[in-house]
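Over in TrEMBL, the protein carries these features:
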type	residues	note
DOMAIN	A:64-244	domain 'ABC transmembrane type-1'
TRANSMEM	A:71-90	transmembrane segment
TRANSMEM	A:102-122	transmembrane segment
TRANSMEM	A:128-145	transmembrane segment
TRANSMEM	A:174-199	transmembrane segment
TRANSMEM	A:226-245	transmembrane segment
Amino acid sequence: MSSYKVKKQRVIKKLFAQLAGGLALIAFWQYLADQLSHMILASPSQTISYMVELFLDAEFWQTMLVSLTRLTIALSVACFIGFSLGVMAGRKSWLRDFLAPTRWLLMSVPPVIVVLLAMLWFGMGSSMVIFITVILLTPTVYLNTQKNIAQINSQWLELATIYQFSHYQCLRNIYIPAIAPALCATLVMVCCNGVRIVVLAEVLGSHEGIGYQLTSASSNFETAELYAWVLVSLLLVAFLELLLLKPIQHKLLHWQGENA
Amino acid sequence: MSMPDENANECTLSAVLVSMKNISLYFNQQVVFDDFCFDIYAGDKIALLGKSGIGKSSLMKLISGIERQSSGLIENRALRIGYVFQEPRLLPWLDVAQNITEVMKAQGIPNHQRESQLDELLNKVGLTGYKHYFPHQLSGGMAQRVSLARAFSIRPDLLLLDEPFSALDKHSTDELSQLLQQFLTEKISMIYISHDIEQVIKVTSKCLLLRPSAPPLSCNTSTLQERELFINHIYPSKVNSLCPTQF
């Protein structure tokens, strides 16, 4: 059998398994909705029909824009700070030691405390949401980058020294590709957590965004609307993974071929 | 450890490319070099010999700047150093062309020159059709050809070869040795580490034998007597079989 056919079969099997898993979840949801009151759990059909209504509403897209803007800014800042410091600390042990207490503090403090302090410092709104997200995501990016940079094969760095690679060449041709698998995993983790944190922060202290819509639906006992927004936030994660992370992953790991 | 300058008369004619003065190197309180002096002149082709663990690779690393000496002074006037290791050391995520052009880029070779030079090099090493192959798609011999092409792509003043063919079979070794001879010019200085004396003598004009607890022994391989004495130090049992017919 040709490798193309084998690959095609593997893709079909994968898609079939994922579809079956998704359908099983929906079936379980339907079963629970039948058992429970619709005030507690809306059925999949109610939720989806409300979601279609949402998609046709201009306000929905404004809400999405607000949350997406916050998420984009927070993710960009967290990734930039975490990655830059991680690369430097991975190479310089004094910086690693210097940043160790801050890293420990940020990773140990309960998120609710960060939320309370952020509300106190920034009040309600975008600044608070972005601040919380950055504070909670940066240490993850930093730690994963730093650990993986420190473990880069020294032979490659020797090569860079011999042939006098510039800092940019080292970053582009050695550091980033060498830690790419770990970096991709970190980006997935950070993106998913980013959506969660942004929504959580919006629930607790914002007048707009997906989180605010969730609070509003919940307090009005609009169960179908509530679940529609939950589904929207899940779809947001899926889209981020599909439209942002997959291309990055492909770009960074394409050299591995089918093993990527 | 210091080296007697036996070839001083010959060497003063050309410029010193690398000068190592009173070099000491310690690893975990173990002495690798102590008060080591050594000069490499422009155009020198030196075979660096000695038992495993004597410090041959460390000497290469000191010259290339990968390793720092514990004390002493190294004056390196070589602007471009090419290095071929035992293993190809190609960056696995870059294809053959990128592995070579990135090194050229680092050495400031302009873009238009890089492309033409790359094609010329790949043609020379017989890998024209493999430009966009990744290292894992190449055989060991092919990867080492790329490594050799990469080292020569920058037109090095100094070429360091650290047992470059030891992981290859006899056929590939012979092919690559021929390739090396094609690339070498009079201007290029070279230090070549290998346990294969026959292979080394084809391309070098001087030998330096590093010895434990004794000063290094140098030898001009163009003289038969010196060569006999020299080989006797390394392979006492092989002197009769190797000399003089095989050289």
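Even glycines carry a Cβ here, placed using N, Cα and C.
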Among A:71-90, A:102-122, A:128-145, A:226-245, stretch most in contact with the transmembrane segment (A:174-199) (C-beta, under 8 angstroms): A:128-145
Residue numbers, six or more beyond the limits of the transmembrane segment (A:71-90), whose CB comes under 8 Å of its CB atoms: 96, 99, 129-130, 133-134, 137-150, 152, 171, 175, 187, 190-191, 194-195, 197-198
Long-range neighbours of the transmembrane segment (A:226-245), counting only residues six or more past its ends (CB under 8 A): 41-42, 46-48, 50-51, 54, 64, 67-68, 184, 187-188, 191-192, 195, 199, 210, 213-214, 217-218
